[in-house]
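J.: Dropping a structure here in structure tokens format, bear with me for questions.
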């Protein structure tokens, strides 16, 4: 069995044993039970509100799992001195980092799949009470869930990179949240600067903002929520480009995480 | 032992205080506030993929606030409605989620009849039409506003045509033709209110339309009597009670908004309530998002 596979299996077992996961699934279940009732607050778009609530709850859930597990996975092993004994052996540190990353990625995918299946029932109930003029686009809904998972996998890669740099839990945790907020807003800020507002600022400031825009992860591109809520078509070209962007950005962040962790003094 | 005694005393005290406490909370002075939502642009930037939920929360907040106003009004409790803030909140909601049907529907329901903000409402509906390209209701609302409130029949026909293209409905087709304004504005208004009430799901909004229908029916009854009086006596009645004295109406109907009917110098039936819950407050032109600038 390869080193990667070993670390992956060990990390999965460690995550499954974590009581935090059971708390999370309990909260998700309560949220799913409440969604049809909360959807009735809408006057004219009960079904649309149920989709909104499902996707918002899932996004929040994935954010919590990503930030907490992404910030703590490497730090916890270092803190418990697990890495000192294991990484003293002739094993690859890349296998260690990638194994842990893949285990958390699997957890995110499972959370999304379970919550997505629960959302199907919640939306069916809400849509059954007040049918909408527009049908529920289930294919687009699945695409929105999948793109949410991709978005949080990208954030997870960034958190692993920050964890590989830091000796503290707080740095990747707080920096990860800051990157998430900045990455979610960067597209809006960029468009704002490119528009009429941009004429009033200096070219140097504009160049700095543009540079930061390209450096930060662009999370806005992964937002297919309006498409799923209002059954709007997803442009395939844009979706493919977003996927390629995800592949490259996540790959770069993971490479940096592996490189940084491999150079780290752990003894 | 001491710990158990202290716990017992605290528990008994909590039970004893629960009823007077909840009573005092329920009897607090009436203070209903909508609160302030930050400007649309920064909110859109920081809310990420939660902006659609935020938009819906803003709409629900306005709806709850308005529902409370209607309840207080029916209990004869005078409050100064924050109409400007309500409209600003709904504008922010549609910038966050330009597809949100509730925001457009409620704007149409609350800001045209009572406040006469027809231009602002139609600007918001125009903004919504760019996103809700399949929805016939937005051009239908805009067409009604143009015809009924603005007497702008050319624009109304254009909107109704747009609505009829999206939903081939005999009503919309008729409205888009020249016939629609020959049928008389009061009947048009009543037909519109009937349509809106039939398609409403929220009890507060249904009640609101019921009030307006009652007011419109009362005005129609009095206006017809006034016209008959003028035809019979060759001059306008001086006061509403003249219509009862002449036997044209059995009694003066009540204004559901709490005002008193009177006849203006052009012979039109008006009410001291202006068919609104309270006088209009300042309008937040400065907070209008740039997307909805005229």
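Along the chain as shown, residues are numbered 1 onward.
Including glycine, each Cβ sits where the backbone N, Cα and C put it.
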J.: Which is it, of A:79-96, A:169-186, that TrEMBL names as transmembrane segment?
T.: A:169-186
J.: The transmembrane segment (A:53-75): which same-chain residues, six or more beyond its ends, come within Cβ distance under 8 Å?
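T.: Apart from its flanks, the transmembrane segment (A:53-75) reaches 11, 15, 20, 24, 27-28, 31-32, 35, 38-39, 97, 100, 104, 107-108, 111-112, 115-116, 119, 122-123, 141, 144-145, 148-149, 152, 155-156, 159-160, 162-164, 166-169, 172-173, 176-177, 180, 225, 228-229, 261.
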J.: With Cβ-Cβ distances below 8 Å as the criterion, list the same-chain residues six or more beyond the ends of the transmembrane segment (A:243-261) that contact it, or say none.
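T.: Those are 74, 93-94, 96-98, 101, 150-151, 153-154, 157-158, 160-161, 163-165, 217-218, 221-222, in sequence order.
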J.: Residues of the same chain, at least six outside the transmembrane segment (A:136-162), with any C-beta under 8 angstroms of its C-beta?
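T.: Apart from its flanks, the transmembrane segment (A:136-162) reaches 47, 51, 55, 58-59, 62-63, 65-67, 69-71, 73-74, 97, 100-101, 104-105, 108-109, 112, 116, 119-120, 123, 127, 171-172, 175-176, 179-180, 183, 217, 219, 222-225, 227-228, 231-234, 239, 242-243, 246, 249-250, 253-254, 256-257, 260.
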